[in-house]
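The structure appears below as structure tokens.
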Amino acid sequence: KQTEDNNSTKCIKPETMDLKFTSSRKYVSISVPSKSQAMSPHIKSVDDVVVLGINLSKFSKPTQFFICVSGVFMFYLIYGYLQELIFSVEGFKPFGWYLTLVQFGFYSIFGLIELQLIQDKRRRIPGKTYMIIAFLTVGTMGLSNTSLGYLNYPTQVIFKCCKLIPVMIGGVFIQGKRYNIVDVSAALCMSLGLIWFTLADSTVAPNFNFTGVVLISLALCADAVIGNVQEKAMKLHNGSNSEMVLYSYSIGFVYILFGLTCTSGLSPAVAFCSKHPVQTYGYAFLFSLTGYFGISFVLALIKIFGALLAVT
């Protein structure tokens, strides 16, 4: 409250209010920021979904869905081809965890570069959440890559066809979602249909190695949890795709590096890859690049439409 010399006119400013005590010369200042000042950049753009520099928010929902699905199909087809190509290198099969380490390293670099290109670089999702997501990401990708040392690629695809079911279960327990009988029946029919379609090819010879089956099953369980945790965290804190990739994969890189160092699995892998740099690091770079692009579209699908539709 400000008093003019004639003590006849009083006005109150919304930005700053000074309360004057007559018995003292001390002043208490209460600052009330204006509406534009109080609203942080990421709150103003709460509905913005940016993928690889493209703001999808200006498109309609069907167009967003088409763009994301097209990106997932295009990049993950290349990703799957390169993944099988790397494991076709003679003697590389025991080094699935090292490939995951290299992949996480590339993802962290790509995420850091993309994060530097956007305006708001602040971390919005809590660190504890990222530690959980990183652990689950290490589990799903590391176990999936390692399972290829025991299973052929068609067998891995057969198991991944069942991914929709554990994702639904995870949605019930993690996010408290409820699915009706139509949703559950559709998921079961889709999973069985995909398995039947894969097995219908007479050239496909599944290799149901017990160790490989256990590894891919654990990978699917981790995958079911991670999608729901990512959806909950991104919607609750409005985290960006680049932020999610950078922090989850950089923390995951530390996890894997620590594990390989403790199990003495790092030196043999480095020695082998140094003898075949093009077939290992060269393919791994392209493999990681296409995977990074693909996961950016997956995260956009999760943020806009939810984990269940993204997996579908």
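Each residue, glycine too, has its Cβ placed from N, Cα and C.
Copied from TrEMBL, the annotated features are:
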type	residues	note
TRANSMEM	65-83	transmembrane segment
TRANSMEM	95-118	transmembrane segment
TRANSMEM	130-151	transmembrane segment
TRANSMEM	157-174	transmembrane segment
TRANSMEM	181-199	transmembrane segment
TRANSMEM	205-226	transmembrane segment
TRANSMEM	246-271	transmembrane segment
TRANSMEM	283-311	transmembrane segment
Stretch of maximal Cβ-Cβ contact with the transmembrane segment (283-311) [cut-off: under 8 Å; candidates 95-118, 130-151, 181-199, 205-226, 246-271]: 95-118
Of 65-83, 130-151, 157-174, 181-199, 246-271, whichever stretch has the most CB pairs under 8 A to the transmembrane segment (205-226): 130-151
The transmembrane segment (130-151) touching the transmembrane segment (95-118) per 3+ Cβ pairs under 8 Å rule: yes
Tertiary contacts of the transmembrane segment (181-199), as residues 6+ beyond its ends and Cβ separation under 8 Å: 154, 157-158, 161-162, 164-165, 168, 206, 312
Feature contact check the transmembrane segment (65-83) with the transmembrane segment (246-271), CB under 8 Å, 3 or more pairs: no
